[in-house]
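Q: I'd like to ask you about the structure that follows.
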C-alpha cells in the first residue's frame, strides 16, 4: 500500500466531517486551547497590512479581552485596541479625544494622539500640559460629539466641519477621517478618530463596520474603568465626609480649629499635592472711627472686589497644607497680597463671584497670573488648580478652598469637583456650629453682665449694712475687719427679741413693722434655729443676704418683701411652734427657712399663665412652674455670691442636700402642683395616727426622706397661703392687697393681651370679692390647715383663723347677695308697676310689654 498524500487526507476529512470533528476533539482540542490561553500575544503579523482571516481575528479579539483583564490602566487598554484598529482599518494614525466639562463648558481634549500600528504608549499618551483642546463647535470631532453619530469624511478639503488647526500645529496633512463617538448610555464619553486611509482614497462602509464592532471593546474598557473610578471617588467622598464630620463635631467652638481639624484629617483622600484655605473677614459694617478718615477725605475709599453680599474681600488668615515631600502645615495670619496662594487672584475671584474654577493648565492660563517658576527649593510648580467657595447656611462665603496638582498628573475632573464641593459644602454648613456656639457664648456673657448689674443693685452695699451692723459707730472699722465675736455683740443689741415681736406666733402681723425691722426679724430666726454657730455662717454674709433678699423683691402691691418675710416667718413658726422641726435636721431647717424667704423674689405681680400668654422670656426658659423656677434661680444666684453665701462653710454633701431641699421647697409653691401632692400628704397624716407614740413616729419619719419632702412641700403651701389664717383685721387688709394685684393683672390682660380676665382678676367685679374668697377658702385652703391640725394639733390656731375668716367673708358675701337680691326685687317691682300703668291708660296698647317684632311693627 502506497503513502497517503495530504490531498487525499484533506479530501477524506472533507467527506467525513463527523469523524474529523470527533478525532480533533479527542486528540487536539485540549492542547490547542491550552496553547491559545498560554499565548502572551496574538500570533498575527502586524508588520505589514493585509487582510486577516477569521482565526487571526479571533486571536486579536481574545488578545483584547485578556488585555482588559490584566491591565489596570484605561489608556493602555484603549491604546492596544487603537493599534489593532489602525492595522484592521489600514489607517495611518488614530487619536482619542476625551469629553469633559471645564467650569461648566463642554470640550474635547486629546488623551491618546498619533497612535499607529507600531506605536509605543509613552509616545502617544498626552500629558495635561500638552493636550489639544477642541470646543464642541470646532472640527470634525466637535461635530461628532454634538451629533453623537459616526462621521466618514472622504475629503477633508470639501468638508465644512474640518479644521486644520491640528495640522498646522503638527505639520501633518489630514486627507480623510473616520470618527465615531464612544457612548455611555446617552452621554458622550470620548471621540475616537482614524485619519488617512492607506492604499485607498478614503475609508469605506466596511471600515465603518469594523470600527463600530471594535468600539464595543473600547466601550467595555471605558465602562469598567469608569465604574472603578466612580467607586474609588465615592469611597473617597464617603471617607472625607465621615472623617471631616467626626472632626467637625469634635470642635464646636472655633471655626478656624474646626476647619483645620477636618481638612488635616482628610488630606490623604484629597489626591492633590497641596491645598490652601483662605478665611474671609465676616465684618459687614465698619466702625465709625474707620469710616471717618474716608468721609473726611484723609483716606481713599475701598474700591476693591466685594463678596456677593457686599463685604470687602479680606483674607484674615490662610492655612497651607503641603502634602508632597515632607508634610507641612503653615498658618499665615493677615497674609500679604503676594502670598503664593493669593497672588494669582484666583481665590479673590472665587470669593467675589462664588463660582467653582477648574484651571486645567495653570502655566498657560492668561486670566490668572500663576507663578510659572518653582515656588520653593523643592522645585514644585503649579500645574492644575481647583478652587471653590466655602458657603454657610446663610449663603455667605466664609472662605475659599484651593487645591493644587492632582497626584496622577491629570487635571481635576467633574468627580474631583463633586468630591471637593461635598467637602467645602459640609464645612460651610458646619459653620453653623461655631456660629451658634458664639451666639450662645455672647448670650451667656450678656447674661453674666446683666446678672452682675442686677446683683450690684440688689446686693447690700457697705452703707446699707451699717444700718444693722454698725461697726463704724461701735468699733470705727468695716464689718470685714471685725471678728465674729464683735459682730455677734453688735447684732445682740440690734436684733429684736423673738418673744416680744411674736415672730414664732401664727398670728404674727408685719403691718406695724418697717421693712428694715422685718430684715432684723429674719436674721433673728436663724439664731433662734441655732444654725449660725453650728454651720459657721459668717454673720456679715447673713446680714448682707437678708438685706439683699429684701431688695430683690419688687415694689409691687402684694408679692413684695413683706409677703416673702411672712412666708419665712410662717415656716419658722411651723418648725418651732408647730413642732414639725422634730422630723428635720438642723441643715434641712436652715434650707427650708431660706427657701421660704426666697420663694417669691423678683415676682412681677402676674401669674404663670400671664407669662405664657404674653410670651415672656421666662416662659420660654422654663417649661413649667415658670415663676417658681425663676425665684429659685434668683435665690441661688445670690447664694453663689461669696459675700452673700450663707452656705459657704458647708461641706459638699451638706451643700448639695441644702440646695436639693430648696429646689423642692420653692417649686412646691406652684399651686398647680398642690392638687397632686395633697393626697400623698393625707396618707402620711393617716399613717401617723397608726403609731402608738410620737417618738416612734418621729423616728420613722426622720429616716423617710421622701415623706419628709412631701411634708415640707405642703408646709410651703401652708406658708404661702398663711395670710388667709391671720386675724380678721389683718386678713381683710391683706386680701385687698391680693385683689388689687389681681386686678392690675386683669387690666394688663384687657389692654395688652386684648382678652377678658377671669372674674377674680376683673376690676369690674370687685363687689364679688367676698364670694370669691369663700370659694378660694373652701376649694384650696381649708384642706391644708385641716390636715396639718390633724397631723399636729399645735397647728390648730391656723385652722381656727381660717375658719373665723371664712365666717367673716361669708357674712359679707351673704350681705352682698341679700343686697343684690333686694335690688333685683325692687327693679322687678318698678318694671311691673310701669307695665301696669301703661296698660290701664285709655287707648293703651295691651301688647306694650310684649317683645318687639324683628320683622314688623304695629302702627
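Quick reminder: no glycine exception, Cβ is built from N, Cα and C everywhere.
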Q: Which one of 563, 630, 655 goes with 599, 600, 720 at the divalent metal cation 1 site, as Swiss-Prot has it?
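A: Swiss-Prot lists 599, 600, 720 binding divalent metal cation 1, and from 563, 630, 655 it also lists 563.
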Q: Please identify which of 559, 563, 599 has the densest Cβ environment, defined as other Cβ atoms within 10 Å, among these recorded positions.
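A: Per the Cβ count within 10 Å, the most buried is 599.
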Q: Go through 600, 720, the listed binding-site residues, and name the one with the sparsest Cβ surroundings, counting other Cβ atoms within 10 Å.
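A: Counting other Cβ atoms within 10 Å of each of the binding-site residues 600, 720 gives the minimum at 720.
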Q: By DSSP, what is the split of the domain 'GAF 1' (73-222) into helix, strand and coil residues?
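A: Counting residues by DSSP class gives 59 helix, 49 strand, 42 coil.
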Q: Where does residue 599 (divalent metal cation 1 binding site) sit in DSSP terms: helix, strand, or coil?
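A: Residue 599 (divalent metal cation 1 binding site) sits in coil per DSSP, no helix or strand.
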